[in-house]
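Participant: Quick one: the structure is below, and I'll ask about it shortly.
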Amino acid sequence: MLYPINEIFHSLQGEGFYSGVPAIFIRFQGCSVGCQWCDTKYTWKQLSNKMGLLKDILLKSKVSNIWSYLDCMTVLSTIVQKEWNANHIVITGGEPSMHDLRPLTIFLEKNGFYCQLETSGTYAINCSEKTWVTVSPKLDLKSDNKTLMKSLIRSDEIKYLVNSELDIEILDKLLLNINDDKKRIISLQPISCNSIATNICIKNCLARNWKLSIQIHRYLNIR
Ligand code: SF4
């Protein structure tokens with residue numbers, strides 16, 4: 001199976017439950033969700049005239065909409081050649097759940113890696129059972145996409161963007177609709193590192209024993 005990939009790189013996971021963990025990021029090209037606060041808009045369109053080779057996505061010095069079709073073996077051989085030490089792989093986007101991720105996640109697991117999927121949950125999630133699934137619910141979309149209940153149920157972590165107290169009320173209603181006993185992580189992430197939103201997140205994390213996700217890569221000025 002071929003996957004449209006925007007970039008593969010090595011850094012620290014900056015968000016959510018695995019914040020601070022060394023990770024290899026596989027960023028997919030293509031997303032139809034249209035989130036208001038998206039910071040990877042260059043991944044939205046999979047333009048045929050921007051399709052390049054593996055070297056074109058590995059040699060990027062800045063973000064761009066250049067992408068390449070890669071198969072599982074090429075992803076693995078790239079990681080091996082780079083001699084990156086991390087065994088945590090973050091599959092992100094774009095919206096990777098637009099694709100069947102079972103071949104990729106199962107293949108990477110067989111080769112000793114642990115996969116984490118970051119997704120809006122607006123598409124059915126097809127990945128290995130062991131994959132850690134982080135769903136960022138999208139509740140204010142102008143498009144017809146909505147976060148699916150079955151995606152929330154599959155999630156190990158719900159990472160929720162917060163701009164105001166109203167967002168917390170909306171999240172509470174969403175969580176009430178999830179009828180299972182799974183002990184999933186709830187991570188609150190202030191939008192754009194905004195100080196008012198950060199204080200709202202801190203207050204609610206302390207009150208509810210939730211996790212604060214502060215996008216440490218932005219504070220550290222790393223990728
Ligand atoms: S799902 Fe992700 S890539 Fe797509 S618009 Fe939303 S934040 Fe951006």
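For all residues, glycine too, the Cβ spot is worked out from N, Cα and C.
Curation plays no part in TrEMBL annotations; they are all automatic predictions.
Sharing the record's features from TrEMBL:
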BINDING   Leu12, Gln13, Gly14, Arg27, Thr92  substrate binding site
DOMAIN    18-223  domain 'Radical SAM core'
BINDING   Cys31, Cys35, Cys38  [4Fe-4S] cluster binding site
BINDING   Trp37, Cys38, Asp39, Gly94, Ser136, Pro137, Lys138  S-adenosyl-L-methionine binding site
BINDING   Thr40  Mg(2+) binding site
Participant: Using all protein chains in view, find how many other C-beta atoms are within 10 Å of the C-beta of Cys31 ([4Fe-4S] cluster binding site).
Facilitator: 24
Participant: As a check: which entries in Cys35, Trp37, Cys38, Thr40, the binding-site residues, place their Cβ less than 6 Å from an atom of ligand 1?
Facilitator: Cys35, Cys38, Thr40
Participant: Starting from the Cβ centroid of Cys31, Cys35, Cys38, which together make up the recorded [4Fe-4S] cluster site, report each further residue of the same chain whose Cβ lies within 8 Å of that point, ordered by sequence.
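Facilitator: Other same-chain residues with Cβ inside the cutoff are Val33, Gly34, Thr40, Lys41, Thr43, Trp44, Glu95, Ser120.
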Participant: Which binding-site residues from the set Gln13, Gly14, Gly94, Ser136, Pro137, Lys138 come within 10 angstroms of Thr40 (Mg(2+) binding site), judged by C-alpha positions?
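Facilitator: Checking Cα-Cα distances against Thr40 (Mg(2+) binding site), the binding-site residues within 10 Å turn out to be Gly94.
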Participant: Roughly how many Å separate the Cα of Cys38 ([4Fe-4S] cluster binding site) from that of Leu12 (substrate binding site), to the nearest whole number?
Facilitator: 20
Participant: Among Leu12, Gln13, Gly14, Arg27, Thr92, which the record lists as binding substrate, how far apart in Å are the two most distant Cα atoms?
Facilitator: 14
Participant: State, in Å as a whole number, the widest CA to CA span among the S-adenosyl-L-methionine-binding residues Trp37, Cys38, Asp39, Gly94, Ser136, Pro137, Lys138 given in the record.
Facilitator: 16
